[in-house]
Amino acid sequence: MGDFRSFRQNGGSSVDFDGIKISLASADKIRSLSYGEVTKPETINYRTFKPEKNGLFCAKIFGPTKSYECLCGKYKKIKYSGVICERCGVEVTSSRVRRERMGHIELASPVAHIWFLKSLPSKICILLDLTLKNVEKVLYFELYIVIDPGVTTFTKNELITDEAYMNAVREYGPDSFTAMIGAEAIRHMLASLDLEKMAVKLRSQAAATNSEVKKKKIIKTLRLVEQFLGSDSRPVDMILDVIPVMPPDLRPLVMLDGGRFATSDLNALYRSVINRNNRLKSLIYLKAPNIIINNERRMLQEAVDALFDNGRRAKVIKGSNKRPYKSISDMLKGKQGRFRQNLLGKRVDYSGRSVIVVGPALELHQCGLPKKIALELFKPFIYSKLELYGIAPTIKTARRMVQNEQPEVWDVLAKVIHQHPVFLNRAPTLHRLSVQAFEPVLIEGKAIQLHPLVCTAFNADFDGDQMSVHVPLSIEAQVEARLLVMSTNNVLNPANSRPIIVPSKDIVLGVYYLSLEEKGGVVHPVTFCATWEAEHAFANGDIGLHTKIRCGIELEDGVKVYTTTFGRLQLLKILPKGVPFESINMVLTVRDISNLVDLVYKTCGHGKTVEFADGIMELGFRYATLSGISFGKDDMVVPPTKSEHVRRANEEVKEYEFQYQEGLITKHEKYNKVVDAWQKCTDLVAKDMMDGISGYESVAEMNSIFMMAQSGARGSAAQIKQLAGMRGLMAKPSGEIIPNPIISNLREGQGVLEYFNSTHGARKGLADTALKTANSGYLTRRLVDVAQDSIIVEEDCGSSNGLVVRATVEGGVVIIPLSDSIFSRVSATDIIDPSDGSVIVRAGEMFDDKSIERIESLGIDSVRIRSVLTCKSKHGICRKCYGADLSNRKLVALGEAVGVIAAQSVGEPGTQLTMRTFHVGGAATRRVENSSMVAFCGGKVKFTNANLITDRDGNYVVLSRSFEILLVDSLGIEHFQGRVQYGGTVYVKEGEVVPIGKKLADWDLYTVPIVAEASGTVSYADMIEGVSYNEVHDESTGILNRMVVDWRQAESSSGLRPRVEILDESGSVAKCQYSKDAVYLLPLGAILNVSNGDVVKAGDVIAKITKESTTTRDITGGLPRVIELFEARKAKVNAVISEIDGYVEFAKDYYKSKRKVIVRSREDKERIYEYLVPKGRHLIVSEGDFIRRGEPLMDGDPDLHEILRVLGLEALAEYMISEIQRVYRLQGVKINNKHIEVIIRKMLQKVEITDAGDTTFLIGEQIDKSRVERINEVMASQGLRCCSYVPVLLGITRASLQTESFISAASFQETTKVLTEAAVAGKVDRLRGLKENIIAGRLLPVGAGYFIDKLKREFTGERQGKQVSVGVGGDLTST
């Protein structure tokens, strides 16, 4: 293994090493790396400005300040290179060495390294089995520690005061026992540790103990001991005798204009260390009293602490301007630290920046570059060409010509930029499409021109956005820019494979206008034999743009006559051959145009799509201009029916108010019903308004605003509703909806109160934008960090596993068809045609359009596909498990950085959406959920998990939590399945044949009822007023409501179980189904509908639990949900899930604050699982219900870790993907599942050992899955017992910090902690990911770098190159 000094001398080329090792530096190592001892605190001489000898900038130690010149000036010039001046002792060499050469300070007394003391868990404390507080008391000279008690009464490791120590010395003599103080004591204790014996002892202790707490502590110590044993580090090296001094050019001293100096804070910190060290030396030499020496030793320890990590232990040391000094730790960590600021975030040369304007005359591969910017960027190329063409004899002349902007320069510039692509980047760079390459076109002016179709990818608009330009210099860089980054090669969005260069805004409006057809029109349209005839007629004014005509159109298989319009024939001109005319022979909206671009891509490929996009843009702009569509006040037509709808809604609200006054409904219910009434009223007004503006006789009379919204060019029905309908309900900043709507619209203007109400939402939008952008950006950073080393590394891992995918159905409607889920994926099994037994797709083949169509037509409902989650590749992912690259729809290439693409695809919409929150201006958009079930198709009714009783009206009331209604056809094939909520009413009988549109069931959206399952008399039990329930006197109605309150707060009442019992005629508790008692426990917040002694019938509602008031859901509610899922956080209120299929029973014995629920297995009646549920929580199962494995017993989101434990990896993946997709789908964002799978794969990298077998692992230890599998293979080959393990789910932050690469983890977060742990373990970073290679300055192992790496490995066999090793404490060492 090469050491760092020789590595630097060899020029440190990137091929010299393929690993970086970090370890603890011993004192000898630090001395061997040093070029001399720094003994003086001085920096430079204030008169001569030369470095002081033996000071912090000493030229003798660190090298000359001027290249090839010694300090005294005796030797100058490069010919004396290597000579050491006999007068000043300085070596004649390049001044660059001042960035590399280190010095050292010999300490008069040892000090502890603060990272190993304070970085939790403290390494020193764990090894010595002492608390941090006690170790600090010894280190900072407060107490002595007894090393050897000898004849005294002390015990080993006991802490004693100064007084006790002196008394013992007087009593027993100084040699009768050993007690020490300071870092010397700790060093003595660490040096006396026998790690091998310690490891054996700890292993036996771990096996013997049953206490979980003790076991955890033992395992923690054992792990640390084994790390020391497995590395070259020694515990005693955590105490320093020598500290390294950083090279002076890394802590510079710069002279400012006024003769003053600016200096790095490190110099002040080093100065304080040297001063205290020198003072301590002289005190020891003078044999000063112990108390003075100890105080100085303590101060030295504090000075070194401040140098390494200022403020970590004591108060922060500040400079004269009250600013804390930046220590070595501060220089590494955080956004401004060495890792993120200088290693990962380098700035680049050859770049410019300017405002962007639209360039509709450009082609897709072009951008307009101002001449001034181009001249500056391409200067070196211009100089070279001016010289080459003989226009300028020297570079100096060339420079002058360029400065004077002579005419020849512009000609040369035009030649230089010909086919030399440039990069355009728009910040924030959220995904790879934010950087694209274009061929520059020289333009006058100062703004960069951008092609309109790439705006979507850049998320750019022309309201003052700026973009930066970068120049690829080398030929290789230019080739990559042209092949990979060129805008014409980025037609598809890598997040979802949809075209991203789709027209929008004016272009859409123009194309929509062009494709319109006159209503009514002629009965017998004019027929033309060919398009040229139609053009002739149009030119003569015989037909209009939108007149219905019949025209013969030439196709590949002959001429076919279509009924169309002249406008659509214009579109035909730019339509590539092979694309059917039917695709444009309709009114084209933005969605149709997007599908059209997709169809052109599928049919004609990449090149034709680009041409078509340019053509449609030109056409769209032209006809948007010719159409004369404008935005006028009279286009905002207020519907005449508005006042009627408002009147009706007001009456409904009055009715609810009356019901509330009468006590028929609660305050919550009234609120929800009022909100619903106004929501319906707003929707009706909006519908009438849209109907009003959508009616037209001829295209010329069409409403401009309607055309804009209808085509998808600008605005939406929701926005027009606010303009010309009614603004409707507004949301408060908390997300709650204000029940008083804004009845006016923006055309009519708003009253003062209405205006005030609407300010809520508008401000919330702006505040949200500011706050959520940061959250979203941080999520993207964490995602990139966790997935950055997911790279395609092999052809096929041979896995036959995968995920089973189905169509996504919500509320009985297919939201995402199966075809979308299997698109771009590889089949894990042979897929057989059930009709003839033929193979549609073989295992390991990718689904193409034909096979997907065939699968859909055959009605196959589930397919097993290869997935990243089940890929067996050791480091990275294989091509087959990933499937197609979504940006070109071909099987993904080797070396593709799929992890970064996944992180960008998931993170980018988060940022976009949070920025987009304020566009609707805070108008409350509430998802109106279904409160009834209607038959989508005809069929025969079938019930599952039925537990029903008949109510007073003869209808069924649902008592099961998992009751479903199915509709089957005559063959028994299921066509509809829907779940009815508990307490719902069912209007059909089993076996009944129902027509389409028949109402099957309904339920209350806003309350969960508790239903009587038997008839009888109501009896309250444990219902004590003021303790378990309160009579709430409603001020506005005067009615008493009985509400169950938290009885556990009151003393002596924690044993209460507030419940309602139903008594039969004999006075005993009535029985219901399954002969269970009619006893109903009341959860917190339940409102009683019956009084003590009331007579009830089966099916009556005894009490209601009000659901939370409806709030609006948008990604601001959704983004935290996505973060929660990716961080695998435990929800505040987790739902307990069942571990088996079985029947629910309620146990009789009750605990103080919990109740026991039993699930009894369906197969084995003796097998039961018991769950404790908090008493206040509402159970969503009833006694006797059948519950499936993994289903929740109570409301709330299930815990991800529980899903993994109970249901396994596939179910966890399915749950996480569906939950994350739900949030994005709500915002209309499409992300392919494979991106989410890539992230989840990284979250499942670790496993927990359940049985160690014959390995050295410990039970409960979390290890990398690949490492465990590797060791198990070795064990199996040697006939030894393998270890068993279960998968562990880590959140993305923890997964990033626990990655194999310590460089990547340190550059992410908790830098000092990561480096401390890596140094102790002597970790080697194999440089497999992207970040660690950027930091090491090597070629990335993706794309071309992957193949270069691969060829190198094949050429040299498995490489065993050099590894550079880095020691902690600022030193660089080799081993």
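Our numbering is plain: 1 for the first residue shown, then up by one each step along the chain.
Every residue, even glycine, has its Cβ placed from backbone N, Cα and C.
It should be emphasised that the depicted structure is a prediction, and the values quoted were computed from it without experimental measurement.
According to Swiss-Prot, the protein carries these features:
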type: BINDING; residues: Cys70, Cys72, Cys85, Cys88; note: Zn(2+) 1 binding site
type: BINDING; residues: Asp461, Asp463, Asp465; note: Mg(2+) binding site
type: BINDING; residues: Cys797, Cys871, Cys878, Cys881; note: Zn(2+) 2 binding site
Cβ-based neighbourhood (8 Å from the centroid) of the Zn(2+) 1 site, residues Cys70, Cys72, Cys85, Cys88 excluded: Ala59, Leu71, Gly73, Lys74, Tyr75, Glu86, Arg87, Gly89, Val90
Surrounding the recorded Zn(2+) 2 site, with Cβ no more than 8 Å from the Cβ centroid of Cys797, Cys871, Cys878, Cys881 and those residues left out, we find Glu794, Asp796, Ser799, Arg866, Val868, Thr870, Lys872, Ser873, Ile877, Arg879, Lys880, Tyr882
Write down the Cα-Cα distance for Cys70 (Zn(2+) 1 binding site) and Asp465 (Mg(2+) binding site), rounded and given in Å. 53
Pick from Cys72, Cys797, Cys871, Cys878: which of these binding-site residues has the biggest number of other Cβ atoms within 10 Å of its Cβ? Cys871
Roughly how many angstrom lie between the C-alpha atoms of Cys797 (Zn(2+) 2 binding site) and Asp463 (Mg(2+) binding site)? 50
Test of understanding: give the count of other CB atoms lying within 10 angstroms of the CB of Cys70 (Zn(2+) 1 binding site). 24
Across the binding-site residues (Asp461, Asp463, Asp465), the Cβ with the fewest other Cβ atoms inside 10 Å is that of Asp463
Same chain, |i - j| six or more, Cβ under 8 Å of Cys881 (Zn(2+) 2 binding site); the result in sequence order is Cys797, Ser799, Gly802, Val826, Arg866, Ser867, Val868, Thr870, Cys871, Ser873
Below 8 Å Cβ to Cβ and six or more residues apart, same chain only. Which residues does that give for Cys85 (Zn(2+) 1 binding site)? Cys70, Leu71, Cys72, Lys74, Tyr75, Glu91, Val92
Could you give the Cα-Cα distance between Asp463 (Mg(2+) binding site) and Cys878 (Zn(2+) 2 binding site), in whole Å? 44
What is the number of other Cβ atoms found within 10 Å of the Cβ of Cys88 (Zn(2+) 1 binding site)? 17
